[in-house]
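Participant: Below are the structure tokens for one structure; questions will follow.
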Amino acid sequence: MPLRLDIKRKLTARSDRVKSVDLHPTEPWMLASLYNGSVCVWNHETQTLVKTFEVCDLPVRAAKFVARKNWVVTGADDMQIRVFNYNTLERVHMFEAHSDYIRCIAVHPTQPFILTSSDDMLIKLWDWDKKWSCSQVFEGHTHYVMQIVINPKDNNQFASASLDRTIKVWQLGSSSPNFTLEGHEKGVNCIDYYSGGDKPYLISGADDRLVKIWDYQNKTCVQTLEGHAQNVSCASFHPELPIIITGSEDGTVRIWHSSTYRLESTLNYGMERVWCVASLRGSNNVALGYDEGSIIVKLGREEPAMSMDANGKIIWAKHSEVQQANLKAMGDAEIKDGERLPLAVKDMGSCEIYPQTIQHNPNGRFVVVCGDGEYIIYTAMALRNKSFGSAQEFAWAHDSSEYAIRESNSVVKIFKNFKEKKSFKPDFGAESIYGGFLLGVRSVNGLAFYDWENTELIRRIEIQPKHIFWSDSGELVCIATEESFFILKYLSEKVLAAQETHEGVTEDGIEDGFEVLGEIQEIVKTGLWVGDCFIYTSSVNRLNYYVGGEIVTIAHLDRTMYLLGYIPKDNRLYLGDKELNIVSYSLLVSVLEYQTAVMRRDFSMADKVLPTIPKEQRTRVAHFLEKQGFKQQALTVSTDPEHRFELALQLGELKIAYQLAVEAESEQKWKQLAELAISKCQFGLAQECLHHAQDYGGLLLLATASGNASMVNKLAEGAERDGKNNVAFMSYFLQGKLDACLELLIRTGRLPEAAFLARTYLPSQVSRVVKLWRENLSKVNQKAAESLADPTEYENLFPGLKEAFVVEEWVKETHADLWPAKQYPLVTPNEERNVMEEAKGFQPSRSAAQQELDGKPASPTPVIVTSQTANKEEKSLLELEVDLDNLEIEDIDTTDINLDEDILDD
């Protein structure tokens with residue numbers, strides 16, 4: 001059967017003629033050397049040109065990455081080898097290597113060597129650790145040496161292809177060739193080694209339009225590939241896939257099966273002659289160089305052929321060899337998340353086909369290997385052949401003895417106990433099939449689910465799935481598309497009822513067969529179910545799980561990984577990469593069981609599971625509960641103080657929030673708790689919280705709102721002591737302590753403001769303040785200081801100043817004490833008063849100093865409302881006054897408030 005090989009173009013880079021290409025082993029870069037003397041580096045993931053080296057004015061026929069040194073090494077027609085640092089773009093070294101055009105460069109995989117070949121018929125070995133000295137010269141060819149390649153299985157051996165129509169195999173340390181292969185009728189342009197361990201083969205391409213496969217141990221030609229219409233310019237064994245890639249001046253790239261030598265595919269991208277090809281171990285990318293640019297194609301799928309059963313036995317294919325590893329053999333070895341597991345690998349033998357996929361059946365007894373359009377079912381223990389056949393696709397049913405194959409684009413067959421049970425043709429054809437509780441068939445029209453037993457249509461859905469994953473219970477299914485994934489619930493009871501009564505059955509199946517639970521805009525690469533939790537790897541290399549509408553990230557992966565399975569007794573999730581490395585991550589089954597129970601609203605089960613969840617995992621569970629709307633349970637479960645505090649605030653749990661705030665000693669938490677306490681009318685608690693938070697602004701608001709003069713007084717002193725000058729000023733001002741306000745402004749250097757305050761409220765102090773202002777300003781600007789006018793010296797500039805002195809004395813005598821809040825309705829608003837008029841005829845009975853000595857300030861004389869506005873409301877105010885007669889602010893019960901106790905004792 002033909003090799004099923006998907007071919008996808010990843011990059012098209014238009015440029016001058018490309019003479020060589022190379023792929024970087026770790027970065028997504030392609031190196032292309034051009035006939036115009038430049039070397040370009042393209043990023044094939046972003047489709048961008050990232051670096052350019054202007055090497056010379058002549059063709060650069062060879063360029064290679066040396067990743068371990070961050071170098072690009074080039075060879076050109078000016079006979080020079082140049083070495084560039086591809087990070088800094090600087091030229092590290094340059095020397096003349098040959099006496100004619102340099103055709104090829106080969107980098108030794110482990111030693112500090114490069115090999116170069118040239119039109120001077122020589123091959124030279126250079127050692128960069130010895131200042132690029134020439135360590136050896138290999139002579140023997142009688143024409144241009146077109147290509148050299150190092151044997152991947154023996155790094156001391158290399159082969160060369162020459163226009164003298166021969167292939168020579170050499171050994172490092174020996175100046176003469178080990179042997180020569182002859183058979184081409186014209187010059188040989190290219191050569192490559194087979195990297196697998198099963199065949200000692202070489203491939204060559206020549207101007208006779210032929211490709212030859214050689215056994216270099218027997219020194220014989222084992223196969224000749226014909227088909228190209230012009231000179232063969234490049235030929236290569238792919239290091240991963242069972243294919244041979246050849247390119248020719250006829251503009252085509254041909255892909256051949258490396259075992260059957262059958263032509264599998266011919267590529268023609270219309271970019272004229274093909275000159276070079278490059279591939280890389282561990283990657284399915286192939287770079288091609290043409291007259292008009294370069295191309296990268298991706299062959300096949302990079303997902304490894306690998307599968308794990310429920311007991312931890314892993315089977316994978318390495319080329320055609322099948323190997324097994326057992327997680328149980330690791331014993332109690334300490335495992336760290338994301339670290340490669342040191343597994344003992346056991347060879348199980350070779351497979352008759354090249355495995356593209358391997359999959360255990362649900363009970364793990366059998367394993368199916370698919371590839372080359374065929375399938376073989378083996379016993380999982382001994383890899384004994386149980387059944388085989390031709391199929392384009394294979395899918396296991398939930399019943400371990402049942403499976404389906406897609407024989408063609410129109411026929412699907414179902415087998416039970418390895419015998420054909422039923423064959424049917426889906427209505428709209430079959431482009432792909434999916435296993436599980438129902439048989440899924442994708443067609444051009446969408447996805448159809450069929451009953452395994454009778455192939456009856458259950459439901460047709462207009463969707464183009466990429467993967468389908470069923471939960472073990474069969475209740476939930478994930479349908480992953482190219483852009484998102486859907487979580488559906490399979491309603492089996494309604495399906496059975498509809499099948500019996502035939503109600504609700506349409507041409508698209510049973511309408512109530514599925515219920516959509518959610519759609520998530522994320523691309524699923526691989527996935528599996530554990531209970532009601534769907535675990536998956538995403539396109540951005542994240543390991544997540546989805547439960548109840550919430551996505552939880554387990555880990556950020558540093559490379560593409562593929563899910564193998566979950567073993568509950570280990571509480572670990574296992575993944576593999578394309579290099580067949582196995583890693584694991586901790587994922588507690590108790591957490592998944594708890595979340596599953598919550599989703600099913602089975603809280604009795606959730607309560608039983610909760611004690612088995614470790615404390616370090618409780619907060620994750622609490623976040624899940626919070627998102628599901630169970631905040632009270634989340635508060636009980638969470639162990640994170642920050643999370644518990646937020647939940648306590650949301651739930652109005654003042655006691656819990658208070659305890660957490662005491663433990664945290666965070667100003668922010670005290671402020672948040674104060675807001676909650678105020679909203680709950682717990683003013684005593686609010687005062688304590690604001691005090692801990694040193695929130696003087698909040699304390700001032702609380703004190704003024706409650707009319708607590710003593711608290712305002714203490715607050716003023718404390719705020720001034722702690723440098724909260726704005727709050728201190730406002731507190732003094734609210735108490736009418738204008739002298740304290742003035743002194744505060746002077747002490748803090750706010751002399752202009754002090755002068756204006758004195759002019760407005762304390763005219764007797766204005767002269768002193770202006771003098772201070774003038775002295776201070778003179779240090780900066782003498783002229784500006786001299787321009788300040790003292791009101792006592794320039795009375796003509798300050799009309800009404802003398803009257804202001806009288807008013808100041810009048811205010812001091814008549815406003816010595818604060819008025820009770822109950823008199824507020826009887827006091828004229830400031831904006832309606834004329835203090836000058838009120839103080840007319842006032843004669844100070846004694847000086848302010850005498851009053852201060854007596855300590856007996858005059859009783860306050862409230863100014864009864866006489867404004868027009870007040871007269872209109874006189875009746876209502878009198879009624880209000882009657883109501884207030886029996887109400888004293890001191891009579892209010894403040895036992896829970898204690899606003900004036902220990903305000904700032906600390």
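Cβ atoms are placed via backbone N, Cα and C, with glycine included.
Feature table excerpt (Swiss-Prot):
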MOD_RES   LYS627  N6-acetyllysine
MOD_RES   SER859  phosphoserine
MOD_RES   THR861  phosphothreonine
REGION    837-872  region 'Disordered'
REPEAT    13-52  repeat 'WD 1'
REPEAT    55-94  repeat 'WD 2'
REPEAT    97-136  repeat 'WD 3'
REPEAT    140-180  repeat 'WD 4'
REPEAT    183-224  repeat 'WD 5'
REPEAT    227-266  repeat 'WD 6'
REPEAT    350-388  repeat 'WD 7'
REPEAT    390-425  repeat 'WD 8'
REPEAT    746-783  repeat 'WD 9'
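For each listed feature, how buried is it and what is near it?
Facilitator: The 10 Å shell around the Cβ of LYS627 (N6-acetyllysine) contains 14 further Cβ atoms across the protein chains shown.
Sequence-distant contacts of the repeat 'WD 1' (13-52) (same chain, at least 6 residues past either end, Cβ-Cβ under 8 Å): 58-65, 67, 72, 74, 76, 84, 86, 89, 104, 275-280, 282-283, 285, 287-296.
Outside the repeat 'WD 2' (55-94) by six or more residues, the chain places 19-20, 22-26, 29, 31-39, 41, 100-107, 114, 116, 118, 126, 128, 132 with a CB less than 8 A from a CB of the stretch.
Note on the repeat 'WD 3' (97-136): DSSP counts are 3 helix, 21 strand, 16 coil.
Within the repeat 'WD 4' (140-180), the DSSP-based counts of helix, strand and coil residues read 0 helix, 20 strand, 21 coil.
Long-range contacts of the repeat 'WD 5' (183-224) within its own chain (CB-CB distance under 8 A, at least 6 residues past either end) are made by residues 143-144, 146-153, 159-167, 169, 230-237, 239, 244, 246, 248, 256, 258, 261, 281, 319-320, 350.
Within the model, the repeat 'WD 6' (227-266) shows a mean pLDDT value of 92, rounded to a whole number.
Counting residues 6+ beyond its ends, the repeat 'WD 7' (350-388) has Cβ neighbours under 8 Å at 1-4, 198, 241-242, 259, 300-301, 305-311, 313, 315-317, 319-322, 394, 396, 398-400, 403, 405, 415, 418 in the same chain.
Nonlocal intrachain contacts for the repeat 'WD 8' (390-425), taken as residues 6+ away from its ends with a CB within less than 8 angstroms of a stretch CB, comprise 1, 4, 357, 359, 361-363, 365-366, 368, 370, 373-375, 377, 431-437, 439-441, 452, 455, 470, 474.
For the repeat 'WD 9' (746-783), residue counts in helix, strand and coil come to 31 helix, 0 strand, 7 coil, using DSSP.
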Participant: Below 8 angstroms Cβ to Cβ, which residues of this chain, lying six or more residues outside the repeat 'WD 4' (140-180), approach it?
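Facilitator: Same-chain contacts beyond the flanks: 101, 103-104, 106, 108-111, 113, 115-119, 121-123, 125, 186-193, 195, 197, 202, 204, 206-207, 214, 216, 219, 239.
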Participant: Please list, for the repeat 'WD 7' (350-388), how many residues fall into helix, strand and coil according to DSSP.
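Facilitator: Counting residues per DSSP class in the repeat 'WD 7' (350-388), I get 0 helix, 21 strand, 18 coil.
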Participant: Using DSSP, tally how many residues of the repeat 'WD 1' (13-52) sit in helix, strand and coil.
Facilitator: 0 helix, 25 strand, 15 coil
